[in-house]
Every structure is written in C-alpha cells, then in structure tokens.
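Student: The following feature annotations were taken from TrEMBL:
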- 55-59, 120-126, 149, 251, 313, 368, 436: (6S)-NADPHX binding site (BINDING)
- 56, 116, 152: K(+) binding site (BINDING)
- 406, 407, 408, 409, 410, 435: AMP binding site (BINDING)
- 9-206: domain 'YjeF N-terminal' (DOMAIN)
- 216-490: domain 'YjeF C-terminal' (DOMAIN)
Ligand SMILES: NC(=O)C1=CN([C@@H]2O[C@H](COP(=O)(O)OP(=O)(O)OC[C@H]3O[C@@H](n4cnc5c(N)ncnc54)[C@H](O)[C@@H]3O)[C@@H](O)[C@H]2O)[C@@H](O)CC1
Ligand SMILES: Nc1ncnc2c1ncn2[C@@H]1O[C@H](COP(=O)(O)OP(=O)(O)O)[C@@H](O)[C@H]1O
Ligand SMILES: [K+]
C-alpha cells in the first residue's frame, strides 16, 4: 500500500474536494469511522473526546455528536475557545450540542475510552504548555486511547515525537497510512492501526504520484521470481559469496545458505585457501572454491555467475575493497554488506563513483546504523527535518545504489526516489548473523534477475516473515531453515499453486 506524506494527503483531500465532495463530507466520514472504532474499543461506559483547534479536533466533534446520537455518554474537552474554531472544524463543533469543557487535566476523570483529536497532520511544532500537560495526563490516566489520524504529537512524515505524544491503543487513519505510522518511534505510539475508506477515490493517486510504500507483497509481487516449469538450476542463477579468513567463515556460510534457501539455483562460497577445509567441511549443497586474490575472484565470477554477496565476515581493508571493485568491474549484481561497506569508510565517494560509473549496475548496500554513519556521516542523525526515510533516500541518490537501512523499521530506497518501509520484523531478529542471512536472501532474488530495489524489498520482507515464523528464541541459523514455510505462506497469499 502506498504511504502518503502529510502534504500528499492534503492534496488527496483537495483533489477529492475539487472533484465535488465537500471537505465537511470527508470530515463526517472520518467522524463516523472514529465513532465505529470507539464502539468497538469500548462497548459501554463514558467516552471523552479531547479536541484541538484544527480539523483533527473537527473530526473529534463529529465523532462526539455521532456517539451521543447513538446514546453513548460523551464529554468533550477543547484545547481552545470554541468561538475561535474556523472552517470545517467550526461547522463540526456546531453539530455538538453538549457542553465543552476547558483544557484542564483534572477533568479527564476515568472514562472507558479517550478519543485523541488534539493534533493530526497539522502538527507543525513541538508540543509545549497546555497540550503537553494534557497529553502527559492522558498517558498517565491508564485509559485506552483511540487516536484520530495520528497519535497527537507524532509527526506524520517522520514518526518523531514532537515534544510529547499520545500513547494510543488504536489509531484510525484515512485513505492511506503515512510514513509516521510505520517509522519508529511513531509506530510504537499508534497501537493497532486501522486504515479507513472515507470516500477518496484511488484515482487521485495517479495525480499525486506517491513514491513511498509499505514493504509487503503488494509492492513487489510482480517482480517476485518463480521457478519455471522448464527451468533448471542455471535458470535460477548462480550466487557467489565471499568468505572471510579461517577465524571468520560463519557469516559467509549463513549468507550462502540463505541465498540457496531464498531461491538461487547454485551458490558458491569463495574461500581463502587457509579456510577451505573449514568451509568445505561445513557446507553440503553450497559449493566451495579456493580464492585468495581479487584476480582469482574476477576469474570465478567472470564465468556463469549472476550475483555476488560481499561483506559478511570479509575483513576490513584494501583486500575486501579489491573484491568489491572486481565485482563491480565484472558488472555482476551485488549485495555489499558489513565489512564491504566499512572498507570504504575512509573514502565513501570512491565506492559511489565506481557504482555510478555503470548506470545499469544492480547494487544493494545493506548497512546497519553504524555502517551507515561510516559511509554517510552527514546523514547519520535523525533530526526534525531529516527522518530515517529522508536519510536513506539521500544515501541512495548519493551512492547510485539501492540503500537499505536496517532496524525494526527497515527502509529500502532507490536512487530513482522510490522507498519502502517494513513493519513486519519482530525484535528477536536482532541476533548475531541475522544481517548475514538478510544479505543472502537479497542475493537470492538478484541472482534470479530481480532488479536491486525489488530484490532488497523482497529480502527484507522475507527476513521479517522468517523471524516471525521461527519465533522468539531464534538464532540466525533458524531463519534459513524456516524459509520453506515462509514461501508456502507467500504462495498461499499470492494464490500461486505448489
Ligand atoms: N479536508 C481535510 O483537510 C480533512 C482533514 N481531516 C483531519 O484534519 C487533520 C488536519 O487538520 P489541520 O490541518 O487543521 O491540522 P490539525 O488539526 O492537526 O492541527 C492544526 C492546528 O494545531 C495547531 N498546532 C500545530 N502544532 C501545534 C503545537 N505543537 N502546539 C499547539 N498547536 C499546534 C496549528 O496551528 C493549527 O491551528 C487531519 O489530521 C485529519 O484528522 C479529516 O477531517 C478529513 C478531511
Ligand atoms: N529491534 C529490532 N526489531 C526487528 N528487527 C531488528 C531489530 N534490530 C535489528 N533487527 C534486524 O536484525 C538484523 C540485524 O542485522 P545486523 O545488524 O547486520 O546483524 P549481524 O551483523 O549480526 O548479522 C537486520 O535485518 C535488522 O533489521
Ligand atoms: K490525533
């Protein structure tokens, strides 16, 4: 599903209004949807609506009137003087026939549910003073909260907490989710997210042209590689994974096994001679070749090889950088992870220039935050004006590669401006070697000819699903072993027979 920035959402509203649906109609649809969600969350007991001065507050007034008409016991707290409300919000407040209470936290009481309609997309500065006191008091009350559009205080574009934010039980948003619903910390403040149809036609999307999406199969199913009936292992492609020295071979083996499990037809570990026996003893379906130098590596991948995974356990320095250069020179699809990235920390532009020299290059960089800041030091910090999404998008543009920044909200960005945010990764994926498996899974799709952006998105999503499938207590080795179950669930979801 597409994600809309707050500006893009405002544009969707404008286009819908221009096409003949009055803005107040949209607000009424929102208010009714909020009332439905409130009834689901609290079947009985009093409901308190806390409204702000903008249209988010207007949604709150519509919901309050709707719930009262259904016989619910509703009260409303308003952040400002009722007489100062404007436009649709003022119209909505007129429809509320009850009392309006002032912004005093002692009036919260102990309702069954609080509807948070303080701020939505219009939040444009840090929350201070009265609204902050109110938000803190709502959070401290222990009462379940239904947030309208966004938990108040969460920035819809970045997911940042602007001073203070409502910790919602559930959030109802409209038409399409916003990046702030998926990016941390915003996602953690939303509780369960409901996306409601309020009568905005999907046709407006082609006029808006959103570039950001949620990372799930809807985004990449057309690119997902399926084995052909008349195929053989070479049609599924050959991946080469570079091994580290004798003390650091496990990471490459994890990547190699993941590449094979992920669907590569053949996988070879390129191993230093001193580690050959260790690798050979530990591998079965994955092949091993003795490779000590970048020249030997170039020779190996110059043959029938589609993609290379370089970095896991590879060692930091000129040697690994030389293998990366060989991979780029051979025009193979590449996953550059871990040490392959850090090996360019002293001169990242050298790497980017090499990547950009071939506009057709299919290269995925897979840093975690530490590696990311080594390559993109000026993009290492999140700020009010620079979300994780902005940082990764800028990194992709600068490097000429698809960049994936790991975490609970892994972002994949393409130099052409597309970006995807994943929200399916469970926290127990944060375990040694998990990233090596991710590199292998991305390599699996690249090997089968999937373009870098889709390959990265597919790998991230499958990795998250594998984490859920293996469950708490998993170690990296488990991720590769649950891949058949992940494939089966995906095939079922896409309606592909097997
Ligand atoms: N036609 C539309 O545009 C629709 C808008 N809808 C609702 O309208 C919301 C957006 O409405 P608005 O643009 O009026 O914005 P909001 O209602 O989110 O808030 C804007 C108001 O809050 C003030 N404000 C912003 N940050 C503040 C802070 N930190 N401290 C104190 N005051 C602050 C602004 O000055 C402005 O007065 C959406 O989130 C959605 O809930 C829906 O009703 C659907 C239709
Ligand atoms: N809190 C978290 N929730 C979900 N996934 C996480 C979390 N922390 C890390 N991950 C995922 O775990 C993997 C860790 O990769 P990485 O840091 O490279 O580890 P390693 O180098 O040990 O393989 C990444 O895919 C990352 O997105
Ligand atoms: K809100």
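Just so it is clear, glycine is given a Cβ too, placed from its N, Cα and C backbone atoms.
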Student: Which one of the binding-site residues (368, 406) has its C-beta surrounded by the most other C-beta atoms within 10 angstroms?
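Tutor: For the binding-site residues 368, 406, the Cβ with the most other Cβ atoms within 10 Å is 406.
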Student: Please list, in sequence order, those binding-site residues from 55, 116, 121, 124, 149, 368 with the Cβ less than 6 Å from ligand 1.
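Tutor: Near the molecule: 55, 121, 124, 149.
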Student: Let me make sure I understand the span of the AMP site: among 406, 407, 408, 409, 410, 435, what is the greatest distance between any two Cα atoms, in Å?
Tutor: 14
Student: Enumerate in sequence order the binding-site residues 124, 368, 406 whose Cβ-atom distance to ligand 2 is under 6 angstroms.
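Tutor: Among 124, 368, 406, near ligand 2: 368, 406.
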Student: Do you see any of the binding-site residues 56, 116, 152, 408, 409 whose C-alpha is within 10 Å of residue 368 ((6S)-NADPHX binding site), and which ones?
Tutor: none
Student: Which whole-number value in Å describes the distance between the Cα atoms of residue 435 (AMP binding site) and residue 149 ((6S)-NADPHX binding site)?
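Tutor: Spelling it out, the Cα of residue 435 (AMP binding site) and the Cα of residue 149 ((6S)-NADPHX binding site) are 34 Å apart.
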Student: Long-range same-chain neighbours of residue 409 (AMP binding site), Cβ under 8 Å, sequence gap at least 6?
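Tutor: Result: 159, 182, 183, 184, 187, 388, 421, 422, 423.
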Student: Inside 8 A of the center formed by the CB atoms of 406, 407, 408, 409, 410, 435, which other residues of the chain have their CB, for the recorded AMP site?
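Tutor: The answer, listed by sequence position, is 368, 405, 411, 422, 425.
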Student: Rank the binding-site residues 116, 124, 149 by the number of other Cβ atoms within 10 Å of each Cβ and report the first-ranked residue.
Tutor: 116
